[in-house]
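Engineer: Encoded as structure tokens, here's the structure I'll be asking about.
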Amino acid sequence: MTALMQRPPVRVSDAAPPVSRPNPLPHLAMLAWAVVTALPLIWAVMSSLKTDEEILNHPWSPPASPQFENWARAWTTASIGRYFFNSLIVVGGALLLTMLLGSLVAYAVARYQFRGNRLVYYTFVAAMFFPVFLALVPLFFVVRQLGLLGTYPGLILVYTAYAVPFTVFFLHSFFRTLPTEVAEAAFLDGCSHGAVFFRVMLPLARPGLVAVGVFNFLGLWNQYLLPLVLNPDPDRYVLAQGLAALSVSQGYDSDWSGLFAGLTIAMLPVLVAYVAFQRHIRAGMTAGAVR
Amino acid sequence: MKHGRWRFLLAALVPALVLHVVFVLSPYAQAFYLSLTDWTGVAGEAHFVGTDNFARLGGDSLFLDAVRNNAVMLVVVPVVTIAIALFLASMLNGRRPVRGASAYQIVYFFPQMLSLVIIGVLWAFVYSPNNGLLNSGLRAAGLSSLTQSWLGEPSWALIAVMAVVIWSSVGFYVVLFSAAIDGIPRELFEAATLDGAGRWATFRGVTLPLVRESVQVAFVYLGIVALDGFVLVQVMTVGPGGPDGATEVVGLSLYRTAFTYGKFGYATAMGVALFFATLTLAVFALRWGRRNQVEMA
């Protein structure tokens, strides 16, 4: 096949259909954008293994010998390790709580008729259309008054509160499309409402839960505005905050290699996970837009 | 059974509703009132000042810079992003399958995975005047005359920021449009080819009309992105928001006014202005969508 495609074009006659002429433009354009996308990322990973001198004087050349101690320094001295675990705690807690509360609300609203059903649904969905900036100032004082400023529980609760509306919106339509027979059979067998939800409906909704879970994880992991305002204690910084603070402080110290290493540590796990699960992730991320 | 039903419903709805009311609804509601006061954060010290804050916004030159920059972004970012993404998506899913199409999609989607902070720190390095990827690349290519202090020149800074927004967004929309193009029956492309339509004619006549809905969705999403811009500007630019207000955005003005200067009432007025801008955008998008639906019917 390849050989056929690459053979020089044979002149048959002028009447030959123009369709068979291979056009190099599409491939060139696609290649160009791939380079534009990948080059800065590769450059950052490469720079994280160089010495400061190499970074300053030879920005384009690969490291003479890879400096893995840059990574160790970023992880410990520059506290990237601590920020990483803070993010893990906050995002893990918020993700669990969001999925639990979001699926409960979506299920209750999608499957039960009760007074105020529509009101509950639109109360949640309407919140998606307000910019977070509008709530920022009052939110700061609400969190401060509750004594939750700069605490893990405070961040987890606020993250959850702002992730639930989309989760409800997404899973609501999902629970609607699930068949009713299984649930009815479970009720006849004497299952309680809670048991039907946890044992029957949640497993059935798994594809939807995975999609919205991936979406929520990325959104929460990359959150910056909320922790910037609500999490002022440097010991509890999440990864995004830590990196931003680091880019300022390392600039003063001129520890460029350390900063590139921090950047790489923050970047690589996400990219590796993405390559491993890319089909699910792309489906989950775009499904939100199409629905 | 009836009893168990209500108990389940309460257990399912009440915790989420409490969180929602405390952390989402009440702040939004308070914001509209606070925007009409001169509150500086001291309890009980908020005086009602009517629409004074909004009148002041009209004469606040830094805020007007921010509005202008967000407006420029609102026009440039969606148009350029959608143009590049549509081009790449139609190339990837054209009449003839391209080898490596899925590998390209994987690479294009990379930036979507990264937080805006990472992207901002990374690109601040790319733009760095002396040893950045961009300037040293230009020098190596013998184009030294094109080198710039990209984030330091008022005329270039906003362009540099917008380029990063576009860089980070294109991949997502390539995937979105690819899915839409994939859904077009192949016979339509074949028919167009048989009719002698070239690439451009096929794109205009077949692809574009049939992915219109996805393009509309993309305009709304990118419009929301363009009205924000806070994270990149805060992480990348000098000041931040500089040089000389060249990259100021409304979100940054709001953040600084509130949490640096403590003028909470005035800052909230900026939030209300931003809310109405978003609302206008949404209404326009809905109108536009509805009109096109009628046309299609």
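In case you wondered, yes, glycine gets a Cβ from its N, Cα and C as well.
Feature table excerpt (TrEMBL):
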DOMAIN    B:67-285  domain 'ABC transmembrane type-1'
TRANSMEM  B:71-94  transmembrane segment
TRANSMEM  B:106-126  transmembrane segment
TRANSMEM  B:156-176  transmembrane segment
TRANSMEM  B:218-237  transmembrane segment
TRANSMEM  B:264-286  transmembrane segment
Engineer: Contact between the transmembrane segment (B:218-237) and the transmembrane segment (B:106-126) is defined here as three or more C-beta pairs under 8 Å separated by at least 6 residues; is that satisfied?
Structural biologist: yes
Engineer: Taking the transmembrane segment (B:156-176) as the reference, which of B:71-94, B:218-237, B:264-286 gives the largest number of Cβ pairs under 8 angstroms?
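Structural biologist: Most contacts with the transmembrane segment (B:156-176): B:71-94.
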Engineer: The transmembrane segment (B:264-286): which same-chain residues, six or more beyond its ends, come within Cβ distance under 8 Å?
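Structural biologist: Same-chain contacts beyond the ends: 31-32, 34-41, 46, 49, 53-54, 56-57, 63, 70, 74, 216, 219-220, 223-224, 227, 250-251, 253-255, 257-258.
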